[in-house]
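Residues or ranges marked as transmembrane segment in TrEMBL: 21-43, 49-70, 97-120, 126-149, 175-196, 202-224.
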Amino acid sequence: MKSFKNSAFARFFTNFPKIMFANLLYTIPSTICFAIFGLIGYLTGFQNVIVWFLGIIPAYPLYAGLVMVIRKIAIEKEDINVLDTFKTSVKENWKTFLINGIITYLIITLSVFAILYYYSMASVSAVYSALLTLYLFFSAMLVATMFYVPMMNITYDIKLLQVYKNSFILVFGKILRSVLTLLAVAVPTAVAFFAIMLTSNVWLLIAGILVSLIYPLFYTYIVVSIISKPLQEAVGSFTKKDDRYVVLPKERDIEKEKKLMDENKDSEYVFVNGRMIKKDK
């Protein structure tokens with residue numbers, strides 16, 4: 001029973017106010033970004049995903065804060081100061097996440113155009129049906145890769161190119177977890193999709209606001225909860241105290257840090273001030 005109370009599932013409910021606060025710190029500015037680009041599309045007459053999804057880029061650095069807060073609460077089971085944790089993570093990772101935002105934007109926009117094109121041509125030739133199937137698989141693989149990228153960015157001191165390489169390898173190296181995560185996030189994604197597609201007028205506006213404010217919370221919590229174990233098994237543990245993010249005594253516990261270094265002496269990475277650093281050869 002005690003184990004269940006400390007599980008990520010249980011902590012979602014026991015720490016819901018904190019998680020929701022972190023989510024709002026991310027979703028409110030993000031919604032504003034999307035609204036601005038949506039308005040630009042409306043005023044210019046260029047109503048297209050190319051413009052609509054541009055909001056991903058300026059909003060994505062804030063995602064570092066949400067991922068860190070959820071990691072601390074769900075996985076590390078820490079009692080943290082949400083605002084300080086959120087701000088610190090954004091401050092330290094905003095450049096990397098800005099690049100991630102650009103990559104995510106390109107993946108989404110190109111995938112939308114490619115899938116719509118192959119779908120429209122599927123009735124013309126079986127070749128396009130085959131290409132549609134292949135691209136759907138390719139898109140799922142890219143989505144699964146992006147499950148691991150944010151967590152690796154905020155946890156391990158690895159070059160961005162290596163992060164993407166490792167994330168891509170983990171998709172297949174931990175295929176069961178990757179598929180499980182895809183299936184799990186498909187549920188809130190489907191709910192969000194149909195909530196928008198099946199409503200109109202004022203209800204569409206309400207559905208859009210609710211989806212933009214709530215969906216990132218469920219998506220991120222599901223992803224972090226499921227992929228944390230395979231990520232730690234493959235790269236290194238991150239469920240340790242981190243005095244940059246958690247409210248701790250000012251005096252660092254030297255003995256605990258030495259013990260932590262001993263635990264990771266055979267690993268390719270070591271912990272330094274709560275962050276995984278790759279060992280020098």
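Cβ from N, Cα, C; glycine included.
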Taking contact to mean 3 or more CB pairs closer than 8 A (sequence separation of 6 or more), are the transmembrane segment (202-224) and the transmembrane segment (21-43) in contact?
yes
For the transmembrane segment (21-43), which stretch among 49-70, 97-120, 175-196 has the most Cβ pairs under 8 A?
49-70
